[in-house]
Amino acid sequence: MGRPPPLLPLCASVSLLGGLTFGYELAVISGALLPLQLDFGLSCLEQEVLVGSLLLGALLASLVGGFLIDRYGRKQAILGSNVVLLAGSLSLGLAGSLAWLVLGRLAAGFAISLSAMACCIYVSELVGPRQRGVMVSLYEAGITVGILLSYALNYALAAVPRGWRHMFGWAAAPALLQSLSLLILPAGTGDAAAHRDLIPLQGGEATEQGLGRPRYSFLDLFRERDNMRGRTTVGLGLVLFQQLTGQPNVLSYASTIFHSVGFRGESSAVLASVGLGAVKVAATLTAMGLVDRAGRRALLLAGCALMALSVSGIGLVSFAVPMDSGPSCLAVSNATRPLNLPGDSGLPTGFSSHPLSTTSENQEEPVSPTPEKTKRPSRAGNPTAPPVPVLRTGSPAAPSPAPERALLHWTALVCMMVFVSAFSFGFGPVTWLVLSEIYPAEIRGRAFAFCSSFNWAANLFISLSFLDLIGSIGLSWTFLLYGLTAVLGLGFIYVFVPETKGQSLAEIDQQFQRRRFPPSFGHRQSTSGVQYSRIKASAAS
């Protein structure tokens, strides 16, 4: 009992390598897009198609992936997604036209989305209650490490002829390593042989599978049977509030905030990339250490509260220090420096951009370091989502701000760091952990995928509505609206989301069946969430 089970490190590697592949594929486009534009002469529209094809593939996987996961099993789904990823990487690495690039990105998006869902479910079912939070949260940590790794490789390969082929090709490495780990692990909890193998991992708390287990249809997710409607309410609420708090769009202004406190030119973009990446890694590691101690509910409440305060702080600061916004498009000013391609948005000249890309699904998107050079408006591409506006607080030659303005700028920077940290130890890892716990095994894949599709769709909606929202109510009120949404999310978590730490999946399932969670905000839960009672998990139900 003193040493960890021998298969536990393999479970950790599956989760970590899956997240690393996800993060790398999301971020690699930020370094590959410029050489691709030079080699293929891509227009702004073609760049947007290329970067958006990953999102389309991911959305498609979220629509059909759940049936694949439940039909063929979690392990087979992950292995299948790795095969698709290898095919996509091959298509990207050998591409000779835009069509092959888009096809490769579609395949990569489909693969990482399917793998993300299957990995979280697979690992949550393999390990016991005391390790489940850490193991699933490793996926989120892997995403951030993958993003930082992509930046390092992009930088190292920037001067290599056709280096973008190598950038895309390296995505296959973690997928191959993950496949090797999977070959040693059992197929899952569904078959008897694997079930016997899982007992050491779960510390004897695994439940027997097979005869007598209920069967669910997709429509059962919306019915009262076994409180499935209540579970779906929890799942959809978490993924929607994760996106509606504006996390992808708020991060698009990080470069501007770094610039406003004195970091000019390339240093602003580099610091935004590496600095925020380091903050995200630290916050995710903190979540891993606390998720099985403080609990899922506590991290969600604390993270959402800090997000509400910090994004509201950015909005209030922008009242005092106005920031002009204008759309932009990735461009090239010369053959050696990444700049903005001229575009025609019909806006007055004088806007410069600091493109900074952000992600969805777990969903963080990479920061794309692009120095401020152009003064023409253009439209910006985003690695996984439609373009969002970027900001400029002043020209590079502007005099140093007054002390009170400098204080406000640093306040905005602190708020940005708090916002990123709060998301990374709250909504970021915990949402997917809870989703992997609350549904019965027979429908877990379809339920997880259903919620994931809303996550991608909400990310798309937030990105597309950003320009119109700023045009209608202004930047400051947009951030304050995100703050209000976070407050509503806080109320939702307090009322509807139960605490699941320390419970086996069988116990969580039975407690959901026995207890109807409050259907409205008029009913209150205790601050510790739903109080679970210990049950015997050895007998088949």
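The backbone N, Cα and C atoms fix where each Cβ goes, glycine too.
Taken from TrEMBL, the feature compositional bias 'Polar residues' applies to 350-361. According to TrEMBL, the feature domain 'Major facilitator superfamily (MFS) profile' maps to 11-501. Here TrEMBL flags 343-398, 519-541 as region 'Disordered'. The annotation transmembrane segment is assigned in TrEMBL to 49-69, 81-100, 106-124, 136-157, 269-291, 298-321, 410-435, 447-467, 479-497.
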Top partner of the transmembrane segment (447-467) among 49-69, 106-124, 298-321, 410-435, 479-497 - counted as Cβ pairs under 8 Å: 49-69
Outside the transmembrane segment (106-124), six or more residues from its ends: residues with CB under 8 Å to it: 11, 14-15, 18-19, 21-22, 25-26, 53-62, 65-66, 68-69, 74-75, 77-78, 80-82, 84-85, 87-89, 91-92, 132, 135-136, 138-139, 171, 175, 188, 361-362, 384, 432-433, 435-437, 444-445, 448-449, 452, 456, 505
Candidate ranges 298-321, 410-435, 479-497 - greatest C-beta contact count to the transmembrane segment (136-157) (under 8 angstroms): 410-435
Integer mean pLDDT for the domain 'Major facilitator superfamily (MFS) profile' (11-501): 77
